[in-house]
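Per TrEMBL, the features are as follows:
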DOMAIN    18-91  domain 'Cation-transporting P-type ATPase N-terminal'
TRANSMEM  74-92  transmembrane segment
TRANSMEM  98-116  transmembrane segment
TRANSMEM  255-273  transmembrane segment
TRANSMEM  285-311  transmembrane segment
Amino acid sequence: MHQPPAVERPTTVEAGGKWHATESLDALVALESSPDGLSQGEASTRLAQYGPNALPEGRRAGPLRRFLRQFNNLLIYVLLAAAAITSGLGHWIDTGVILAVVLVNAIIGFVQEGRAEAAIAALHRMLAPQATVLRDGQRLRVPAEQLVPGDVILVEAGDRVPADARLIEASRLKAQEAILTGESVPVEKSSEAVAEDAPLGERRGMLFSGTLIVAGQGRAVVTATGSATEIGRISGMLGAVEELTTPLLRKMDAFARWITALILFGAGLLLLYGHFVQHHPFEELFMTVVGLAVAAIPEGLPAVLTITLAVGVRKMADRHAIVRRLPAIETLGALTVICTDKTGTLTRNEMMA
């Protein structure tokens with residue numbers, strides 16, 4: 001009896017370049033699946049092999065780390081040094097005031113960032129996607145995280161595609177792929193294979209994770225999940241972008257260095273002048289100069305700045321915009337030109353109320 005030729009399964013690296021050029025039935029064979037989907041046992045095995053269908057999240061800072069991060073500022077270091085000096089001089093009231101200012105500044109920043117983290121986590125829980133999948137020939141509704149390569153999914157108008165998939169059947173199917181291509185016009189989909197060198201926007205036999213089905217119905221076999229999807233590849237590139245210090249923090253550090261140098265220089269001149277010219281006792285003069293230096297430090301500046309930024313964050317929240325880090329408010333206000341690939345960045349190409 002004649003055996004059909006074996007179909008080579010594209011690897012994860014090659015998937016984006018070959019699945020769209022593979023006939024739908026050949027894709028099922030290569031993925032060791034069938035039009036009725038995988039069995040529950042096989043799906044569990046593949047889930048253990050491939051991992052959950054989710055993009056990797058960066059390690060989130062714990063409460064202690066977020067609190068300590070509020071002290072990572074040169075001006076705060078100067079204030080802490082001033083508190084140490086005043087305590088050494090026995091000026092406990094001054095020490096208490098300085099430490100109170102530093103602590104209030106840290107608490108405001110910590111609470112505000114905690115609220116932003118909680119709001120973002122709530123959004124993630126609210127938007128946790130579901131998928132319609134065939135398992136053992138039965139139609140099931142499962143969390144999208146449980147999808148694996150070889151699963152057969154069913155999509156219809158209004159669905160968010162849960163993973164990259166090769167279409168098996170399509171009935172008047174159209175998908176909105178603006179998040180990947182930037183084009184706002186829906187793409188007509190079919191189960192036909194296309195040329196291997198077809199660009200992403202012309203791979204009509206493929207559905208891509210994160211895109212939106214705007215019309216029709218379809219059945220497809222999952223080819224890639226998680227970070228192996230097209231949207232996962234983009235997410236990986238974004239994760240490699242270096243995180244830069246905001247202009248506000250750079251200005252604050254420069255100001256702290258400048259004022260520290262100025263205070264030390266002035267204190268040194270006063271000390272030299274008072275001791276060698278006016279012939280004051282050195283110990284008494286030193287205590288006086290240290291007191292003047294501490295008084296010259298703007299203890300209230302960090303707290304005033306933090307409160308101002310917190311007010312900006314609250315106003316942004318009133319407009320349904322969540323800001324995770326306080327200094328980002330100033331950075332947003334300093335924008336003059338935005339270079340963007342239109343849809344998917346500034347807008348979502350969806351009707352909004």
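Using the three backbone atoms N, Cα and C, a Cβ is placed for every residue, glycine included.
Under 8 Å from some Cβ of the transmembrane segment (285-311) lie the Cβ atoms of residues 73, 75-76, 78-79, 82, 85-86, 89, 91, 94, 97-98, 101-102, 104-105, 108-109, 112, 252, 259, 263-264, 266-267, 270-271, 274-275, 326-327, 329-330, all in the same chain and six or more residues away from its ends. Outside the transmembrane segment (98-116), and at least 6 residues removed from its termini, the chain residues within Cβ reach (under 8 Å) are 63, 66-67, 70-71, 76, 79-80, 82-83, 86, 299-300, 302-303, 306-307, 310, 313, 322-326. For the domain 'Cation-transporting P-type ATPase N-terminal' (18-91), residue counts in helix, strand and coil come to 44 helix, 1 strand, 29 coil, using DSSP. Mean predicted confidence for the domain 'Cation-transporting P-type ATPase N-terminal' (18-91): the pLDDT average there is 85.
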